[in-house]
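Peer 1: Pasting a structure here, questions to come.
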Amino acid sequence: MLDFAAMRATLAGAYDLAPSMQLAEEMREIHARMDRVVPLADFARHAPYIRAINRLKAEKNAVILAHNYMTPEIYHGVADVVGDSLQLAIEATKVEAGTIVQCGVHFMAETSKILNPAKRVLIPDMAAGCSLAESITAEGIATMRAQYPGAPVVSYVNTTAEVKAASDICCTSSNAAQIVAALPEETIIMTPDQYLAQNVARQVPHKKVVWWAGSCIVHEQYTTEDITEFRKWNPDTRVIAHPECPPSVVAASDFSGSTSGIIDYVAREKPQKAMLVTECSMASNISDALPEVDFVGPCNMCPYMKKITLEKILWSLHTDGPEVFVAPEIAAKARIAVERMIELSRAVAK
Ligand code: 13P
Ligand code: SF4
C-alpha cells in the first residue's frame, strides 16, 4: 500500500511541484494538445509534474508506454508511446531503454515483461487491476478444456501471466475475430470476456465459439437503451462501441473496434457528433486533434486505469518501483501464447 503522506513529503523535498502559471505558459506546446479538455489553470498543476517526469525519464533511461485510457495529462504530457493493448505489446518488444514505465493496468505491464524480460518494468500502482483479468485463473482454463476436449483456448490479453501460460494463443480486441477465424479447429474456447466472445461469434459464424463468463465492469454497464434514447434526440450521432460491450450494444452501434480502431475510425470519418461507448478518457485524448468532432453522450470510467496518476508516475521513477516480475517458467509459456498472437496478427494483416 502506498503511503501517500510519505510519498508527497519526499516528492516535495526533491522536486519543485508547486502549481505554476508561468511554467504552464512556458509549456504551451504540450498544453496545446489538450487545451479543449484541460484548462490552462488546471494545467498549471500538472506542468511541474510533467517537467519532473520528463527529466527523470531521460536521466534514468526510461520510456513510458501508455494505454489510450490514460488521462490527457499523461497521454499528451509524458507518454513516449500510446496505443491499444496490441500496439503496446508490440512496442514493448522494441524498447531499447533499460526501464519501461507501464501506464496502464497490471496485465499490460506483465505482457511487457513477458515480451522483453531483460528490461525493468515498473507500474505506478500495483493495484491497477482489471475485472476481466481477475475473473479467471489457470484452473478455470483447465475446467474449460475438460468441458471441450481438443478445443484450443484463445485468451484475451486482459489475463494474468498464469492464464496466458495455460492458453494456446492470446488475442486483443483488434485481432480476436481474425485469430478465431484462422484456427483450424471448429470449436474455440474464448476466455475470459463473454461479450468479446459473443461479438466474435457473430463475426465468425462458421465457428462454434464457447466462452468463460467474465466481463469488463466499464463496458458491461452500457445498454441498448442508452443508445436508442440518445439517438432519439441526437439522430445524427455516430455511435462507436468497444467489443467488450454486450453484443446488443455493438449491434446498435455504427462501428466497433479496439481503442486504437475507434481512434482511427473517428479520425478518418470525422463525424459531426460522436458517442464513444467506452472509457471516458478516449474522447478527451483525441478531442484537440479533431476539433471538428463533437464528442457527446455518456462515458464510464475505469477505476483501475484511473489509479495511474502523474504523481504516482513520478514516484515510480523516483523510487525505481514497484517492479513487475513474472516467474521465468510462466513467462516462457505465456510468451509462446502472446508471440503466436503477434505472428498471426501480422500474417493476416499482409
Ligand atoms: P484495447 O486493446 O482495445 O486497447 O482494450 C484494452 C482494454 O482494457 C479495454 O477495456
Ligand atoms: Fe479491464 Fe475494463 Fe478497465 Fe479495460 S476498461 S482495464 S477491460 S476493467
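The backbone N, Cα and C atoms fix where each Cβ goes, glycine too.
Unlike curated records, TrEMBL annotations are generated automatically.
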Peer 1: Among S85, S135, S167, which is the one TrEMBL gives for the iminosuccinate site where H67, Y156, V157, N158, S173, H242, P243, E244, T259 also bind?
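Peer 2: For iminosuccinate, TrEMBL names H67, Y156, V157, N158, S173, H242, P243, E244, T259; of S85, S135, S167, the listed one is S85.
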Peer 1: C130, C216, C302: which of these binding-site residues has the sparsest Cβ neighbourhood within 10 Å?
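Peer 2: With the binding-site residues C130, C216, C302, fewest surrounding Cβ atoms within 10 Å: C302.
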Peer 1: Which residues in the same chain, at least 6 apart in sequence, have a Cβ under 8 Å from the Cβ of Y156 (iminosuccinate binding site)?
Peer 2: L132, C170, C171, T172, S173, A176, M190, T191, P192, D193, L196
Peer 1: Spatially speaking, which of the binding-site residues H67, N158, H242, E244 is closest to C216 ([4Fe-4S] cluster binding site)? Use C-alpha to C-alpha, please.
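Peer 2: Nearest listed residue in space: E244.
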Peer 1: As a test of the contact definition, list every same-chain residue at least 6 positions from H242 (iminosuccinate binding site) whose Cβ is closer than 8 Å to its Cβ.
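Peer 2: Counting only residues 6 or more apart in sequence, the Cβ neighbours of H242 (iminosuccinate binding site) under 8 Å are S173, H219, S256, G257, S258, T259, I262, V277, T278, E279.
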